[in-house]
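The block underneath contains the structure these notes are about, expressed in structure tokens.
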Amino acid sequence: MDSDFSHAFQKELTCVICLNYLVDPVTICCGHSFCRPCLCLSWEEAQSPANCPACREPSPKMDFKTNILLKNLVTIARKASLWQFLSSEKQICGTHRQTKKMFCDMDKSLLCLLCSNSQEHGAHKHYPIEEAAEEDREKLLKQMRILWKKIQENQRNLYEERRTAFLLRGDVVLRAQMIRNEYRKLHPVLHKEEKQHLERLNKEYQEIFQQLQRSWVKMDQKSKHLKEMYQELMEMCHKPEVELLQDLGDIVARSESVLLHMPQPVNPELTAGPITGLVYRLNRFRVEISFHFEVTNHNIRLFEDVRSWMFRRGPLNSDRSDYFAAWGARVFSFGKHYWELDVDNSCDWALGVCNNSWIRKNSTMVNSEDIFLLLCLKVDNHFNLLTTSPVFPHYIEKPLGRVGVFLDFESGSVSFLNVTKSSLIWSYPAGSLTFPVRPFFYTGHR
């Protein structure tokens, strides 16, 4: 009966994925429990919601806390197995006829208490087997959590870089067409400068794309090494106490070395090529803009939308800066108009034009069709430029100093300029602007 009970007890504490005692056990929504490492590997590429490996029921939640009760029961079961092992005749000290309860860290042997204090072993470090094994297992689990975090981070970076390559290609194609259209407006047409501009754009794109490809290879290799190390640590965690202590070796140090030299994402940046006479020509339509300013933290959602949508980042800390929203006093509905805004002392900023209805609704939806904005947003340690209607990233260098805004109701277009470089950041296609708008400026100071 005792044997049947012991078998049933062990079965309830066994992971159905690895068929070993549960390690860092978690219980998912359907009630089944698994080793956290086993579940992580099982769900690594699963769609959300992932299915339970046992009953296939979908689990809307994918992040679980350690089941402390199960963890304690597994500890009890491991102790029982250890004492059963130590009670065998082989583990009785031949000299002192005592159970070998101590582990010698120097020669990786089991000793009785009297042997551990002998002249031969007295200078060595000794630990009770139970405590030493549990402590080492916790070290392994801690290292596995760090490894898994890095595995996920590396996978996210790899996904983002492949997505960046796709978006970069789209940006370059649209930018080349935009540059051609701008040069056609010049009289006389600067054919040589246009050709050089486009050749430089294509050359930079090819160089950046090759950087991205090399980065993908590094990230793939790092992902492979991290997973191999993670699985090696997991196998070590599953070993019985004595085997764990004897086989541990330098596995923790090796796992730490794998974490070194993590590949860093490539941040593409195209050079802002100057267009001769661009700012001079638009200055003919220069207007002075009067703004109504207000300090606000409400419209910080504008940047939160972009962060979550484009970069999959968490919310900004609304306490870290003052955000100034400003609307132009004048509404434009016809003609050509040009103005400049200084963004040199701003970290996150947005500028452009918006429909009156967008202001009245106090809307912050970045995907609204009522706004034509250029946004600069700092993500990690890199600045990103985007435009709205639709939201689209641009990989041109961040403008320093003043940014120009040009409204052309005759063609139905809005353009943004890097004034310092006399270059075009972005120009909406003809026919995009079909309603009255007023200037909008939004900035955060740190």
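Note: Cβ is positioned from N, Cα and C throughout, glycine not excepted.
Check Swiss-Prot against the ranges 88-129, 172-213 and you find zinc finger recorded for 88-129. Away from its own ends, the zinc finger (88-129) comes close to residues 82, 135, 241-242, 245-246 of its chain (Cβ-Cβ under 8 Å, at least six residues beyond either end). The candidate set comprises the binding-site residues Cys93, Cys115. Of these, Cys115 has the most other Cβ atoms within 10 Å.
Panel annotation: around the coiled coil (190-220), residues 154, 157-158, 161-162, 164-165, 168-169, 172, 175-176, 179-180, 183, 263, 265-266, 268, 270-271, 273, 275-276, 395 of the same chain, lying at least six beyond its termini, place a Cβ under 8 Å from a Cβ of the stretch.
For the zinc finger (15-56), residue counts in helix, strand and coil come to 7 helix, 9 strand, 26 coil, using DSSP. For His96 (Zn(2+) binding site), the same-chain residues 6+ apart in sequence whose C-beta sits under 8 angstroms from its C-beta are Cys112, Leu114, Cys115. In the three-state DSSP classification, His96 (Zn(2+) binding site) falls within coil.
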